[in-house]
Every structure is written in structure tokens, then in C-alpha cells.
Amino acid sequence: MTDFLQGLNPPQKAAVEATEGPIMVIAGAGSGKTRVLTMRIAYLMANKGVDPFNILSLTFTNKAAREMKERIGKIVGPSEAKNIWMGTFHSVFARILRVEGHLLGYPSNFTIYDAEDSKKAINNVIKELNLDKEIYKTGNVARRISAFKNGLITPREYFNSPDLQEQDAAARMPQLGDVFNAYNEKNFRAGAMDFDDILLQTYTLLRNFPEVLAKYQDRFRYIMVDEYQDTNHAQYLIVKALANRFQNICVVGDDAQSIYAFRGANIQNILNFQRDYDNVQVYKLEQNYRSTKNIVGAANSLIAKNKNQLPKNVFTENDGGDQIVVHKTVSDSDEGAWVARTIFERQMNEHFDYSDFAILYRTNAQSRAMEDNLRRKNIPYRIYGGLSFYQRKEVKDLLAYCRLAINPKDEEALRRTINYPKRGIGDTTVERLTVKANQENRAIWEILENIDFFPDLDINRGAINKLKDYVTKINSYRILAENSDAFEVVNHISKTSGLMRTLGEDKTPEGVSRVENIEELLNSVKEFVEGQAEIEEGNPKLEGFMQDVALLTDQDKDDPNDRNKVSLMTIHLAKGLEFPVVFIVGMEENLFPSMMTVNSRADLEEERRLFYVALTRAEKQAYLSFAQMRYRWGKLVDCEPSRFLEEIDDKYLNQSTPEFSPFLSPEELQGFRQKRPNTAAQRNPMAGGDRRSARPQRNSPRSPVRPPAGMKKLSDQDSVSGNFEIHTDLDAGQRVKHPRFGMGEIKSMEGSGANKKAIIHFENVGEKKLLLKFAKLEKI
Ligand SMILES: Nc1ncnc2c1ncn2[C@@H]1O[C@H](COP(=O)(O)OP(=O)(O)OP(=O)(O)O)[C@@H](O)[C@H]1O
Ligand SMILES: [Mg+2]
């Protein structure tokens, strides 16, 4: 049964067959690390007779886990593959905590708070402690608390550390420790864990309960970790503890793709591996199977600029392929139009599927310009990350009722539903209940359930009755959830909670789509029930459906009939994935590399690794684009090409000659020369000044921007900003001529002053939105 090993090269095969002892595979992108892990699991089961229940495999996304399972299923049979402990750190550890969490005082039906729930809970704590919310900003406090938890720092350790307290005092947040402590207590009373708790509590559990540790050490005889370079301290310690008995641990990763240091990932975990285990076998994979020679060469030349890295040789025997296209556009919306047009043309002419394309960006905000243009061309697309289906308001509202049916102490779910849909329970009432709950060290629900025992609550009779009705309603859902299947429960809740009725009153397209989302949620519950019924006796319960909902992302909702779409996502989310054609957009200074990262070598190197990850997702073709100006924070700012463009060896690049070049024509240039900007600051309101003036300007020999043949190269003086040649006398209906786009008619006008724009339909090139301060329009 080793046929399946034939698709592996000798070092890959060796890493698969070395099943015993600690193993590390550190290798470049696309060299088959994930494939090795997959085959290793299949090999363990098919050839070594290892029980899938004894295999633990930790992946970066649930999607990756599902794909691995599918592949393994084809070799060993799908029902066997189901039994492997496989998933993200969070999903696997949450599963363990459901069984063992009672030892730490958590109920098995604990709620998992998503990022929004945690932020709301933090906000409530800040309010309850009467702190200034301008100083204690929720986002900052949340990040700080998350960093503590990932560093395994509890409030007790915090209060024992003068250093940490001084840091927060210096940041004008001397009471941060109190917030941290109150937030933990509040969540504990609510029977809730946030994402970071899942790691922290697993660690605590294994450390404090040796018999539990022994149980899982014994269970997980073979442990595999993908993307090991991005494990954080807590994950590292948990894996180390679990592997301690059998030492059959195989980690794969690439230090050049470590991109989560900002969230506590520690590249040292790779370097320490050889120190932590005896007789580590190290395998090197050097052949890339994913990408063309051009892409591999370009990525190698880029990452060579990082000082801090393990030496590696990556080559490929794939075709040379096309050069990487570098494309400049006037604005972010032009960039979107160009991407959409290129996808459309390549899909039409070369039989690509839409799903062969990915658009990757540094920040979520960049997706809008892409979406607008894809929609305009009727190109189907799917956005990953952003607001996932499960985080949409209406979906979360219904899920909040479901959460309460499982765990009524869940405070965030209670706050969400207590007066929604409206039932006349005011903020003051909720505030009084909160104060009481804090005094009594109880969950708000416990106060509600026993409200007659708290006559000092100062809530009027009418409100008390409404609260009692609410409690009765939630209790009826609880009873239903214990006895009926998940679909019946959710369906009943959607109808009797008043949610469907409230949403149904809104007949606007948005309102209709909210109702559709609720229906979609009901469908997925139905699917769950049917899927579970095949493997389980009895009614599949709501509790089962709710277990991992907070950990699900859109990537996990995978409808096979709905796959032929362009993928849009941030580069962070693209890790481990591959696509035939990849667009990396927004290749501009202060965006990529991001403004926050350019002042420290370590941060800049992480940013470069991020670019390396992006480039190495491409199989056949990569496109890099940048705009000369873009809307950021509501302002139009000038942009400069990213330094990363200069760092790729020239021979891999094609500075494209677009059909409708955004480069300025000689006539336009002439116009701009007459009104030259005075200062660098005026050129870019975001610029820090010094660093930018030290950078090679557009006319420097190192400049990555090479205008296409026959086009005039811009000189420094040609800088296009700061010109305010604004036409005030243009309006819809006016026919105009543009030096490059030719004849057209103004459809409408937008904005005012320096931001005034005309939407013009040109006879030859279709619709364009032009900023009047740049467009040299002639009235006809
Ligand atoms: N020996 C091989 N023969 C043919 N194709 C291979 C071989 N090894 C890997 N591949 C293919 O190469 C591509 C990259 O493999 P894989 O995703 O496992 O690489 P990786 O090292 O995990 O990459 P990343 O660092 O991006 O996570 C996949 O499409 C995989 O199927
Ligand atoms: Mg991989």
C-alpha cells in the first residue's frame, strides 16, 4: 500500500517514512511540506497500522485540515480519516476543554466569545470601572490583554510584575491590570472563553493536572504541526508537553514565511526545536513544485534581502513562465478596473476559471475598489476574512438566542438579546442588574432568575415582569434544546423570538438580504442535522452545532457548487494556499510595507516575509500593481511605489505597457510643469519628510517605475500633486475631450474643491472617473 508515495521526491519520501522520533522539515514555499504531512498521516495509518485516534495534526486553518482529511480519506477511506484529531490549535483544544474544562471550573457548554464579543465585554468593564474610554481605548486594551494571555501571563503574574505595571502606567493606563482582572472574572462567571483563553486554559489544564496531561500524551502518539514558524509561546509549550512522552513529533515550516510575530508568534520555536528534543532528524526540501522559474527566482531574490534567516536553496524544474507584471495606475479605482479587466480577458481568452485568480492585499480596506470593479464586470468573487457570515449582525443575533439556550450565563448573548427585538427593557435596568451581579459575584442571568430575592434592585414592577417574561422565554428554549434536534430549535427561535418578524418589516434590499441570511443559517443547521444523523444515533442537538460556531470562518463554509469565484483576501490569510494567477495590489510605500513597520529592521523584515508569502502563492503568473494616488482615511493621498518592487531582481519583472496607459501625456506634463508643487510635505500629507526625501525619487536610476517605450519618463519636478487646476464650470451632459481617452460625455460630478471628480463615458474606453485637478479636459 505504498503507491501513494510515488508522488514524492526522495527527501519528501524519507520525511514521510521517518515516523518515529522528532522530525523537523524547514523548507521554502511550495516545496511540499504540507504534502509531506498529509502523506505521513496516510502512511502511518495505511502502513504502520496506527489508529487515527492516536494522531494529532495541527493546521493553520480549518480549510487546510478539511483538505488534508479529504486527501487522506482517498487513501485510507473517509470514515477512518474522520477519526484523526485534525484542525486548528483552537478547534482541537476547544474540543479537549469541553471534556476537561470542568476541572478549571468551566461548564462543558462554555461559550466561545469571538473578537466582537470580547471587545464588547472589555468595553463594559471599562464602563463599570468608570475609566476614561478616551484613554482606555477598547482596541488597545484588547490587544494588550491578548498579548498577556498569549504570553501566559495571568492577572496574578501581572500584579507581581512591576515592569508590566510600569509600562501601562507610562501609557497612562495605570488601571489596566484591574481591567484585565475584571474582564477575566466577568467571562468566567459567564461561562465564556475568548480565543486566547482556549490556549491559555489548555496550557493551565495540562500543567496543573498531570493525570489529564498523561491521558492526552498517551492518546497523541503521533503529532504533526504545519506552519510551525507561526506558533506562539502558548502553542509551543502545549505541543511540547503533549509530545513529551512518545517524542513522535513532526513539525514543518519555513522561517521565511513567519508573519505573525505581531501576534506573538515566535520564530525562535523553530530554532529551539533542536535544543528541545534529542536526536532530531532534519529534512531539507529544496525543489519547488508550485511555481514557475520566474516566480521562484523573483521570490528568492527578494527574500535574500532579509538578514535574519536560515540559509536555504529553492529551485524548480517547472517552466520558466512569464515575467511578473508590474503595473502602475492613476488611482485605486483604476487599479481595481485594471485587475478586473485583466481577469476578465485572461478568463475569456485562456480558459482560466474564475477560481484560478486571487487578489491579495495588505489591508482589508483595499478590497472595496476591487469589489466595485469586479461587480461592474459581473465577475463572481468571494471575500475571505472581513466580516464573516457568522459575524453579520442578524446572524449573530439569532445565534445569541441559541447561545443562551445552551449557556444562559453567557453575558454578551444576554446583553444582545435582552432588549432586541424591543421588549421595553431599558439600559438603566440592565445597568442595575450588572451592578448587582458584580456585587454578588454572579452572572447577570443568575440575578434575573432569582429576581424576587433582590428587592433592593430598584427596578419597577413593569420592568420586572418584562424581565420575567424574557427568562421564561429563554428557559423554554433551553428545554427545547435538550429535547429536540438543532434545526427544530433554531427554526422555533427564529420565529418566536420576534427576530424574523422585525427583520421582515424592512422591505429594502438590505432588509431582504438579512432575512435571506437567517434562512441561510437555518440551511446550515439543517445540513448539520442531516450530516450528523448519518454518524450519530438520536437527534443531533443544538449544543453540537453551537460548539465551534465561534471558531468558524467563511473559509469553512464551502459549497462545492459555489466554487468558481475569484478569491479576495489579505496576504495573512493566503498563507499555505496556491492559485494559478495572483494579483498583489497596493504595492506602495506606507501601505506595503505598512507605515508602522518601516522604522525597525525586524518589522520591515517581517513585512518582506509577508511579500514573500504573497509572491509564492502564484503558480503561473503574478501581477504587482500600485496606484499614484489613493483614498486613505477619507483623504486622497499621493503614493510612491513600494521599495519591495526595487528589491526583486529586474530580470524577473515586466514593467507593463498598458493599453490605456495611466502615464501622463507630454501635454499633460506641460500643464503640470507650469504649476509645480513647492514642498515635499505638500506632495504627501502623510509623509514623515526625512525618510522619503532620502528615498530614490521617480527619476533615479534605481527607480522601479520604468515608463513604457515611447513614453516620457517622469522627472522629479514632474511630480503630479499639488496642482489645483480645477474646472468649476463642468457639469453633467457636457461633451469633453481627454488627451488620452479621447471623446466623451460627462455623466455626473462628485466631490468638491480639490476632490472634485467627473464620471465620464468615453467613446473608446468606456466609463472613467477622473479627478479634475489632474484630468486635462477640453470642453467640446
Ligand atoms: N513531489 C511532488 N510532485 C508533484 N507535485 C508536488 C510534489 N510535492 C509537492 N507538490 C505540489 O506542490 C504544491 C506545493 O506543495 P505544498 O503546498 O505541500 O508546499 P508547502 O511547502 O506546504 O508550501 P507553503 O510553504 O506555501 O505552505 C502542491 O500543489 C503540491 O501538490
Ligand atoms: Mg504548506
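Yeah, the Cβs are placed from backbone N, Cα and C, and that goes for glycine too.
Listed in TrEMBL for this protein:
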DOMAIN    6-292  domain 'UvrD-like helicase ATP-binding'
BINDING   A27, G28, A29, G30, S31, G32, K33, T34  ATP binding site
DOMAIN    293-576  domain 'UvrD-like helicase C-terminal'
REGION    674-719  region 'Disordered'
Near-site residues: ATP, ref A27, G28, A29, G30, S31, G32, K33, T34, CB cutoff 8 A to centroid:
D254, L285, N288, R290
Looking only at S31, T34, which of these binding-site residues has the biggest number of Cβ atoms within 10 Å around its Cβ?
S31
What same-chain residues, at least 6 away in sequence, bring their CB to under 8 Å of the CB of G32 (ATP binding site)?
L8, N9, Q12, L285, Q287, Y289
If you count CB neighbours within 10 Å, which one among the binding-site residues A27, A29 has the smallest count?
A29
Taking only same-chain residues 6+ apart in sequence, whose CB is under 8 Å from that of G30 (ATP binding site), what do you get?
N288, Y289, R290, S291, V296, V314, T316, E578, T616
Within the chain of K33 (ATP binding site), which residues six or more apart in sequence place their C-beta under 8 angstroms from its C-beta?
V25, A27, D226, V252, G253, D254, L285
Sequence gap of 6 or more, Cβ distance under 8 Å: name the residues on the same chain that satisfy this around G28 (ATP binding site), in order along the sequence.
D254, A256, L285, E286, N288, K312, V314, T616
Would you mind giving the whole-number mean pLDDT across the domain 'UvrD-like helicase ATP-binding' (6-292)?
94
Which three-state DSSP class does G28 (ATP binding site) fall into?
coil
Return the members of A27, A29, S31, G32 (the binding-site residues) with CB less than 6 angstroms from at least one atom of ligand 2, or none.
none
